[in-house]
Amino acid sequence: MATLKEKLIAPVADDETAVPNNKITVVGVGQVGMACAISILGKSLADELALVDVLEDKLKGEMMDLQHGSLFLQTPKIVADKDYSVTANSKIVVVTAGVRQQEGESRLNLVQRNVNVFKFIIPQIVKYSPDCTIIVVSNPVDILTYVTWKLSGLPKHRVIGSGCNLDSARFRYLMAEKLGIHPSSCHGWILGEHGDSSVAVWSGVNVAGVSLQELNPEMGTDNDSENWKEVHKMVVDSAYEVIKLKGYTNWAIGLSVADLIESMLKNLSRIHPVSTMVKGMYGIENEVFLSLPCILNARGLTSVINQKLKDDEVAQLRKSADTLWDIQKDLKDL
């Protein structure tokens, strides 16, 4: 007796299980992971979205909640499991998992605890998706991108840290607010280490090709009567402020990660400030990852833009590199 489905649908092609073309995996379904997931779904970037976490009930609940929104999305398959086989054939894997910093905990201790988590996660990702590109979002992102590169054995153009993509977006938003224009028309770059020691490249800030530093030569210095330097300070402080107010940050980083994925899956060759291996650049001698303007396309992170930096900016980059290396050199089991 034919089933209702058989009566309704007459097959034309053989029912072979198709390998997805644009599968994306998000590891970690906390606030950041789910913000990445919803941003990816909202931009219709994936034909399959996989979620992985160790908390099975939370994981299943998040999967079901997203699946129930399928009518309003263009992603036909949303799956989740604690077993990494669910991630097989991913084009891009976003890593948001990791342990949180405890009160009074040193960064080195936090990093070492996250290394121990990544030692389980990263080999599993590579086992099931050997051709993927990994985007690391977990903090401290520059060090954990290095850790991921070491543990994965992937070439450096396929291990990317979300880095200063969000810092630069915050910078452009805050400057654009002061000027009364849209952030996309206000160009400026935050480079280096994501977070406290990031570098604002004031010399490159422009609107419609007009250098703002030419209009105000003191811009970004302590002698600036308009105190533009405060904008960079606000960028650095903004995560702390949001965390103080709501407990975590998630929406902006989620949107920022989807932005990076779009450049890769659509082969756009757009330029983003993301964390990449900078050994040999700007006189940096160690294997550290810092944000520089990078071209992202279907092959991953294919090139780095040689930004003309001033001496003090280069000095700041090198200082960041030294700080990161001081922590990395003492990491165990890499």
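Each Cβ is built from the backbone N, Cα and C atoms, and glycine gets one as well.
These figures come from a predicted structure and were not determined experimentally.
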Can you tell which of Ser44, Ser70, Ser152 Swiss-Prot marks as phosphoserine?
Ser44
Between the Cα atoms of Thr249 (substrate binding site) and Tyr240 (phosphotyrosine), find the distance and write it as a whole number of Å.
9
Closest of the recorded positions to Gly30 (NAD(+) binding site), Cα to Cα, picking from Asn139, Arg170, His194, Tyr240, Lys329?
Asn139
Indicate the candidate from Lys7, Lys58 with the smallest number of other Cβ atoms within 10 Å of its Cβ, considering only these recorded positions.
Lys7
Count of other CB atoms lying within 10 Å of the CB belonging to Arg170 (substrate binding site)
21
In Å, rounded, how far does the Cα of Val54 (NAD(+) binding site) sit from the Cα of Lys329 (N6-acetyllysine)?
29
